[in-house]
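Asker: One structure, as structure tokens, below. Some questions next.
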Amino acid sequence: MQIALLLLIAYLLGAIPTGLIVGKLFFNKDIRKFGSGNLGATNTFRVLGKKAGIFVTIFDVAKGVLPAIFPIIYDLDIHGIWFGLAAIIGHVYPIYLNFKGGKAVATSAGVILGVNPVVFLIIAVIFFTLLFTTRMVSLTSILTSIGNFITTLFFDDIILQIISFLIMLLIIIRHSSNIKRIISGTEPKIQFKK
């Protein structure tokens, strides 16, 4: 019963639309109507600016970290990745918004941080290296999700490997429109200020 309740809490936590809330509360903007229309951190950066983007990124990562460490908090004999997966599903399919959510990149990163900080550090290096190289958040996110799965293969954790594979597939599917733009050469690139 406790595990079922915590899975539900993890889902509801993951479903909190951080970007939408920040946009409406502080900027009187529905970010779904601007930029890419996505609820995630990348579109928040584009539409609402750096400070809002950083806040949303941190909060979305936290939405993954907290459920992932539920087994530590509540002394449960279950892998934290299951609660993390519930949070990811909540972020992608939020009940509060008719199940139309974000792409789960930041929340997935938070889940990995919660269950295996070493893997997180490795994929963080991969992410920022690719970001500065390609300047495309979408391509970076896709390749990092693949890198995350490959990285988990070097750890003795079959559950983490399986869920990381599913997360990779989910992130690729959620970026299908981005993939089309990458192929056509029309995907936006971010500009780094000197």
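Cβ from N, Cα, C; glycine included.
What Swiss-Prot shows for this protein is this:
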TRANSMEM  3-23  transmembrane segment
TRANSMEM  47-67  transmembrane segment
TRANSMEM  78-97  transmembrane segment
TRANSMEM  112-132  transmembrane segment
TRANSMEM  153-173  transmembrane segment
Asker: Looking at the transmembrane segment (3-23) and the transmembrane segment (153-173), are there 3+ C-beta pairs under 8 A, with each pair at least 6 apart in sequence?
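Answerer: Since fewer than 3 Cβ pairs under 8 Å link them, the transmembrane segment (3-23) and the transmembrane segment (153-173) do not come into contact.
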Asker: With a Cβ cut-off under 8 Å, give me the same-chain residues at least six positions beyond the ends of the transmembrane segment (153-173) that come close to it.
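Answerer: Same-chain residues near the transmembrane segment (153-173) but 6 or more away: 79, 81-82, 84-85, 88, 92, 103-105, 108, 111-112, 115-116, 118-119, 141-142, 145-146, 179.
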Asker: Sort out the residues at least 6 away from either end of the transmembrane segment (47-67), same chain, that have Cβ-Cβ distances under 8 Å to it, and list them.
Answerer: 6, 9-10, 13-14, 16, 18-19, 22-23, 26-27, 29, 31, 34-35, 40-41, 80, 83-84, 86-88, 90-91, 102, 106-114
